[in-house]
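J.: Take this structure first; my questions come after.
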Amino acid sequence: MRLSWTLLLFAGLTCASPLSYSKYSIHESRQYLPHGWRRDARLSGDLQIPVKIGLAQANLHRGEDFLIQVSHPDSPNYGKHWTPDEVREKFSPSEESYTIIAAWLKASKIPYKLDARGWVTFDAPVSIVERLFRTEYYFYEHTSGQMHIGCDAYSLPEGIGSHVDIVMPTLHWDIQTEDASSEKQRRLRRLAKRSAFKRTTGAIIDGMGTGFRTGGARRLTQSDSSYWHKFSNPKYAGLQTCDQFITPDCLREMYSFGVNHNPMKNNSIAIVSFSPQTYLQQDMDNFFGNFSPAQVGQSPTLKSINGGYVLPFTGDWWNAVETNMDLQYAMSIVYPQNVTLFQVGDGLQTGKDEYNNFLNAIDGSYCTYDGGNDLNKDAVYPNPAQGGYKGQRMCGTYDPTLVLSVSYGGNEADYTARYATRQCNEFLKLGLMGVSVLFASGDFGVAGYGSTCRDPVTGAYNDGKSGRFTPDYPATCPYLTSVGGTYIPRGKTVWDAELAWNTYLPWSGINASSGGGFSEIFPVPAYQQAAVSSYLASNTFPYNASQWNQTFSGRGFPDVAANAWNYTVGIENVLDLIGGTSASTPTFASIVALVNQDRIYRKKSPVGFLNPALYAHPEILNDIKVGNNPGCGTNGFKATTGWDPVTGLGTPHFQKMRSFFGNLP
């Protein structure tokens, strides 16, 4: 039906009511540049650039209400999730929006292409695009050497703005300005590390190669007899030394789930990984051989997205750690349930956000081959570089699994509100379809990527010793479950209360701790209002308006937590200790998959979006009451009774969760 609207537009344009295009207002603007960027020269007016206009989606103002109806335990529609077709029909842009935008471009004498998925695209010289959007285009250079183009603000005519969600390229660094096979790009690709626009929130701290492993980056090899001796009996290591070495047995005891679960055909969970980070089967077998012998030789189900791959070796510790850890623990926890690996990207465009390309592959309504993604924030396919993925970007190729675990994130301040909101709304739609999406909350407390904070006047990033708190995105999106971190203090056991994760790293001079705080983009969602209000009313904060969002209107995060420190992981033929919310996220996600298993066994729907039920019944979690998450030269926030922006509502208690969700309709 939507496609037919596109075909009818051309016949109906002459009948459309004329609009005046003389009065403009600012649609998007940016006060500060993202981390590492500076504005360079003005673009030549005759340079031809591709432009994409994302149309406003219908009914999004009701989206949260729709989600609450299928997610709140008191709702008569709990668990009655929507089909993909129902989601598309409800939120597709209106016929009126297509018609009005087409009439505007026709009046401006710009040839264009309409896409039924909600995008309008065209190519035009910079001079014409600048006049159309009342803006100026510049080159922007990153400290890595990458060059993008964009602007600091753009405007739309009166009567047009309400029909437009986002325009690119504008504030989102979305044009590839040099040949992907150039020497500079080859040099950057050889770094094979994440930039500020895509990095791992746990095991990898810095996209340019600075990182941490717990215990002073200690590797537990056979030559390290004082430690290896404790692994001679995995059961012993799993229970008696969990303050030093977290294993699957530690987590089973801490969070009250067992072994030998009953796999259900319709149950599913996936780890999302971004190339070149991948797993090694030999590392999986090393881990399983020590902690889950029945799984030796077992692999996840690989679902490759846009050239995503698994290599027999990496030669690079950094590219092996994240996916190895996520899979080893997820597969151990849900065994013998199968685990899927969504491996995203060809690994050559490592400075670019792949979230949208992942969403494209599991939701055909989100993508379009002719427009929709931000071409420099989002990797471009087909990729002309040598060894790049030559196929079209995947669009609706796979069904989403019932649980998605994603251990990646970045600074919320690096995204415009419209870009982040558009992406966040896709997680809302997944929740409507019964998918539980879990993201890591970050590893630097109230600070941002790499323990950096922002100058309250200029917005520039600093050394993290002062400045404005920097929340993590997508963890701040209110339509997913954000997972913080806890740990077992040295000398304590799995039967003692955990604390909020907060560890000083002497070799870097910074604290690693559970990411948390308040969004500067997203308001407090209805399901969280009471919890956030209670926390703010019960605590005082020695911070001023230059340090954090004192309007008390921002979405608080994380929502929940799990152990995040001293995970024993098989990496490149040895055992290492790894830490971060990259570890806590797949742990919590796997326990959600076990809850789904029980509901499916009872012939019920999956739990879907977790947050409304968890906030309504926090008693099914283990409340974490001690600790804090320092950053920006402050102590951050403190954990306390009830929800807090350090560990959320607490850690999982599987037996309580299974009983509660099992009794819901």
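Cβ from N, Cα, C; glycine included.
Under the heading signal peptide, TrEMBL lists 1-16. According to TrEMBL, the feature domain 'Peptidase S53' maps to 245-664. Residues annotated as active site, charge relay system in TrEMBL: E322, D326, S582. Annotation source TrEMBL lists Ca(2+) binding site at D623, I624, G642, D644.
Looking at the shown structure, can you explain where the listed features end up?
T.: DSSP classifies E322 (active site, charge relay system) as helix under the three-state reduction.
There are 32 other Cβ atoms within 10 Å of the Cβ belonging to D326 (active site, charge relay system).
S582 (active site, charge relay system) falls within a helix when secondary structure is assigned with DSSP. Cβ-based neighbour count (10 Å, all protein chains) for S582 (active site, charge relay system) stands at 29.
A simple way to gauge crowding: the CB of G642 (Ca(2+) binding site) has 15 other CB atoms within 10 angstroms, across all the protein chains here.
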J.: Quick one: which residues besides D623, I624, G642, D644 have a Cβ within 8 Å of the Ca(2+) site's Cβ centroid, in sequence order?
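T.: Here the nearby residues are P618, K625, A639, T640, T641, W643, T647, G648, L649, G650.
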J.: If you measure E322 (active site, charge relay system) to S582 (active site, charge relay system) at Cα, how many Å is it?
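T.: On Cα coordinates alone, these residues lie 7 Å apart.
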J.: How big is the gap, in Å, between the Cα of I624 (Ca(2+) binding site) and that of S582 (active site, charge relay system), rounded to a whole number?
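T.: Pair distance, Cα basis, whole Å: 19 Å.
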J.: Could you check the recorded positions E322, D623, D644 and say which one's CB has the fewest neighbouring CB atoms inside 10 Å?
T.: D623
J.: Nearest of the recorded positions to S582 (active site, charge relay system) by CA-CA distance, picking from D326, D623, G642, D644?
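T.: Result for S582 (active site, charge relay system): the nearest of the recorded positions is D326.
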J.: Looking at the domain 'Peptidase S53' (245-664) alone, can you tell me the average pLDDT?
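T.: Looking only at the domain 'Peptidase S53' (245-664), pLDDT averages out to 90.
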